[in-house]
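Report on the structure given below.
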Amino acid sequence: MLKIGSHVSMSGKKMLLAASEEAVSYGATTFMIYTGAPQNTRRKPIEELNIEAGRKHMEQNGIEEIIVHAPYIINVGNTTKPETFQLGVDFLRMEIERTSALGVAKQIVLHPGAHVGAGADAGIQQIIKGLNEVLTPDQTVNIALETMAGKGTECGRSFEEIAKIIDGVTYNEKLSVCFDTCHTHDAGYDIVNDFDGVLNEFDKIVGIDRLQVLHINDSKNVRGAGKDRHENIGFGHIGYKALHHIVHHPQLMHVPKILETPYVGEDKKDKKPPYKLEIEMLKNGTFDEGLLEKIKAQ
């Protein structure tokens, strides 16, 4: 079975149930959530996440595994502000606890961190320090380090940087990788013409068994732009053919694929989610040039 879905919202009273219902409405077989707002530290208690009802709905609809995304305010790469680093460590610990409580997520996707001017080596050492403070040998969820585009002072823009972080961490069996197609393309890897070559390179440097999550996004920018701006499937510089190849790649069949493509529409208050139609299009093997209009008409 193709494990494909998108980022969905966990909110209101229904929480996990709402997320599962949204995913099922898109024809998804997996999904990704934040356990609270990604831009702040306010979190509902675990008891209010409506886990049991959510899991029951997932089971009824054949969804076995979901992904959690850590909030992007976490920066364990910060060497200049001890309070930012400490917030990242404490918050990541809490996210591991919350994700474990869900019982259906094995991976927490984490942007490795930004060195904020101290240089990549210093940032990487700080990320290692943070992960060593957080990870325990008996935890049941992995931290999936996301491949980054190289915007600003981001660490993790190359497979070598990801490998360096993993190598420095004591309990690194608790680390995996989230391969983001837009980020990897924007970082300079040629996933359009030579994805198999890129995957082989990843295998040599990091190890393909570490690749446990895929973020499937097209890119608004040319390869190597270092920008990180997602585009709808087939409407960017990566293109439908390459993304379809990645989604159906025989070596990655078991890996959950998560769409983080933009909502569609000119009116900011009335943008439509693209995921149902993008998932259908990735399943059926044919690019639909009229897709954006169909999404708007939903």
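Backbone N, Cα and C atoms are what each Cβ position is placed from, and that goes for glycine too.
Mapped onto three states, the DSSP output places His69 (Zn(2+) 1 binding site) in strand. The annotation Zn(2+) 1 binding site is assigned in Swiss-Prot to His69, His111, Glu146 on the grounds of sequence analysis.
Swiss-Prot lists Glu146, Asp180, His215, Glu260 with the feature Zn(2+) 2 binding site. The Cβ of Glu146 (Zn(2+) 1 binding site) has Val109, Leu110, His111, Pro112, Gly156, Val177, Cys178, Asp180, His183, His215 as same-chain neighbours under 8 Å, each 6 or more residues away in sequence.
Summarising the annotation, Swiss-Prot assigns Zn(2+) 3 binding site to His183, Asp228, His230. For the recorded site, His183 (Zn(2+) 3 binding site), the DSSP three-state label reads helix.
Ranked by Cβ neighbours within 10 A across all protein chains shown, the binding-site residues Asp180, Asp228, Glu260 are led by Asp180. Within the same chain, residues at least six positions away from His69 (Zn(2+) 1 binding site) with a Cβ under 8 Å of its Cβ are His7, Met32, Ile33, Tyr34, Pro38, Ile108, Val109. Rounded to the nearest whole angstrom, the C-alpha distance between Asp228 (Zn(2+) 3 binding site) and Glu260 (Zn(2+) 2 binding site) is 12. Here the binding-site residues are His183, His230, and the one ringed by the most other CB atoms within 10 angstroms is His183.
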